[in-house]
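Novice: Here you go, one structure.
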């Protein structure tokens, strides 16, 4: 992807109102950048990342101003006149009553906005009043998002620099928030608002995560290891992400069972290998890409088998020593009545083995005439041990370039192929390199992933900038492993890689969205938190990975972006135009 995107909020309401037309206008600049302007909503006010709303400036009073619009000093009569106060029409006119009601609302708003700053060190009576107000009235501001009150978000790393802002932004928008913490000591409690539900657990301990994901719809993962120990990096940044994705999937599966499989998150079971009978219908085949005399001179033999072992595992294993040879496991699909794959967005395979790569082949065409079928392939990688591999239908390419794109509705045969080409050397248990011409694939299940419009899991990763050089490689290795486990999980994901984090207000500078580790600037924690919250319901953010930082002027000849959009800070979701030009599944 060669183009990145920059987002910039307007500097003030008056400037945007005067300079922005009431429609979207595109114009080209001499530097080949394209700019579009969107007017700021009249009721919009900046969000400084802490959920506080700027107080509007007071209007000047005129000689005919009513008593409701005067200051308290103006309204108080001299002592000698206090006994002569009488009612007038101004006291009950609609304009005066409207101003009075706005004063009352502003007072309530000031108390409510304080919720973003309130901690457990605040006076108990103030905390109880604010909590009662939140429970009774809900979010009473323009930050509220429709449907947010029916959404529970689990924030992991809620006491981190980004997590604390994420929590307050979610609360001001009406979400129910759960925070996963390792210890509920007083220092941790003081960092979080009182209305946040705190769950004690450790991302490295899968058994402690079941209570954390209970009742949650989405997860925002802001946690990161604070030590340089490799074990901590693996536990938090890699295994922690994997454990949480599995916990959320297990919870969704339990919901699906309670709803008789009618949940929107229910997967379609294509094959489950739990007994010897489940191997029926699968055919083992072998072949070669070269059909000539020369290839026969390099025929070293090949063999493969698919069997159900005594340990209760379905194992596809063998070897290929023939030049250009391959072996494959294939079956004609038999879907439940009324089910078609066009309702799903891809496949997920739960497999284990020795870390080989494979080719998944789908055969699509009229089931009555297989001679009209066309082949589509996608390469997948596994790891030593067990893992889940996600294969979107969008990743399949036709074997013949002139064939049309894959239509999942017409898929009737699934094939898993092993070929020695493009195999990476993998170390064995004793540190010895394994022969890349042998393979072992343990199959647990194959399912179809339901289509989704929104993100289920938001992961805050990093670009590596700002990390000490002596530990950068270790950090990036753990972060990338966590990202890969999230992509393979089957959940809808958004992976955000911010530049070096800075402590400054959000919404003040333009943002660059890019892919390919090319950014070189930092970004405020508040801006990263805002991106996390906006990505919850933005369909363009689903299954996207991207880098983001503040806008900067690059060196000549190394321009990073072409699109610059000036948007209001919160009345418009800038992710939609920013991410629509970025590639998926990167």
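If you go along the chain as it appears here, the first residue is 1 and each next one adds 1.
Using N, Cα and C of the backbone, Cβ positions are placed for all residues, glycine too.
Heads up, here are the entries from TrEMBL:
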- 1-22: compositional bias 'Low complexity' (COMPBIAS)
- 25-35: compositional bias 'Polar residues' (COMPBIAS)
- 51-60: compositional bias 'Basic residues' (COMPBIAS)
- 61-74: compositional bias 'Low complexity' (COMPBIAS)
- 157-251: domain 'NAD(P)-binding' (DOMAIN)
- 300-399: domain 'NADH:ubiquinone oxidoreductase intermediate-associated protein 30' (DOMAIN)
- 455-538: domain 'NAD(P)-binding' (DOMAIN)
- 1-86: region 'Disordered' (REGION)
Novice: Could you tell me whether the domain 'NAD(P)-binding' (455-538) and the domain 'NADH:ubiquinone oxidoreductase intermediate-associated protein 30' (300-399) have 3+ CB pairs under 8 A, leaving out pairs under 6 positions apart?
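Specialist: In this chain the domain 'NADH:ubiquinone oxidoreductase intermediate-associated protein 30' (300-399) contacts the domain 'NAD(P)-binding' (455-538) - 3 or more Cβ pairs sit under 8 Å.
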Novice: Helix, strand, coil: count each for the residues of the domain 'NAD(P)-binding' (157-251), based on DSSP.
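Specialist: Helix, strand, coil within the domain 'NAD(P)-binding' (157-251): 47 helix, 14 strand, 34 coil.
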Novice: Could you please provide the mean pLDDT value for the domain 'NADH:ubiquinone oxidoreductase intermediate-associated protein 30' (300-399)?
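Specialist: So the average pLDDT across the domain 'NADH:ubiquinone oxidoreductase intermediate-associated protein 30' (300-399) works out to 89.
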